[in-house]
Amino acid sequence: MGNIGQNHQIEQVLWPASVLSGIIICKIVYEATGLISSQYFKGYAKLSNAQKVEWNNRGFSTFHAVIVAVLSFHLVVQSDLFKDDSQGEMMVNRKSTLSDSVFGMSLGYFLSDLGMILWYFPALGGKEYLIHHGLSMYSIFLSLVSGKGQIYILMVLFTESTTPFVNLRWYLDLVGQKNSKFYTFNGIALFFGWLVARILLFIYFYMHIYAHFDQVRTVFPLGFYSLLVVPPMLAMMNVVWFWKICKGLKKTLMKARHRK
């Protein structure tokens with residue numbers, strides 16, 4: 001009982017602190033992106049105010065994506081936290097201070113990004129971004145406060161690994177490098193990255209749920225049905241976006257071949 005009470009006290013501090021740190025980090029990276037870009041990229045000064053806002057916004061979006069993808073991969077693949085038979089308790093009940101911190105910081109990011117999307121709506125993203133962020137925040141928050149199913153939320157968070165390629169494509173397009181080889185290479189990397197991280201990973205996601213369904217069914221009802229409903233909605237959005245990526249890559253490759 002003493003350990004449970006102590007852990008609860010730690011969580012009462014850790015959860016809000018990690019969310020707040022996520023918001024603060026977004027603000028710092030947002031400002032740093034603008035400062036560094038203004039000093040080392042001559043074209044930044046020529047951008048409109050709206051373009052500068054999105055430029056800086058994509059800066060902390062990229063930063064969050066890299067950090068959360070690395071930590072999610074570490075927790076799920078490299079650490080022993082979620083390995084079969086590595087601990088006495090069921091996999092769906094396993095968590096750690098690091099995984100809680102990742103969830104809290106991601107909540108801070110999604111809150112920051114959602115706030116900017118709403119403030120500048122629809123300049124930074126339309127309704128699909130509101131749906132995506134809303135579903136993501138709901139899933140992360142539910143898993144954080146319940147401590148259930150964190151392995152599956154970490155798998156979904158790893159899909160953020162494609163975000164840097166998406167943002168780089170926007171940067172290159174904005175500065176007039178849409179016909180460059182680098183733009184083409186980035187498009188190819190985005191295609192394969194999206195295929196692996198946002199299509200094939202979701203197939204593995206449900207294979208894992210099926211293989212461990214005896215554990216998954218022990219999750220409280222709201223968490224259980226959320227695991228079965230929310231990821232398919234995100235997967236459908238990923239498929240739609242993947243179709244758009246495929247069409248865009250096809251056009252880019254056709255233009256590159258025509259230039260030759």
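Using N, Cα and C of the backbone, Cβ positions are placed for all residues, glycine too.
Keep in mind that TrEMBL annotations are predicted by a computer and have not been checked by a curator.
Marked as transmembrane segment by TrEMBL: 12-30, 62-82, 102-121, 184-207, 219-243. The feature domain 'TLC' is assigned by TrEMBL to 50-254.
Counting same-chain residues at least six beyond the ends of the transmembrane segment (12-30), those with a Cβ under 8 angstroms from any Cβ of the stretch are 56-57, 59-60, 63-64, 97, 100-101, 103-109, 111-113, 144-145. Note on the domain 'TLC' (50-254): mean pLDDT across this stretch is 95.
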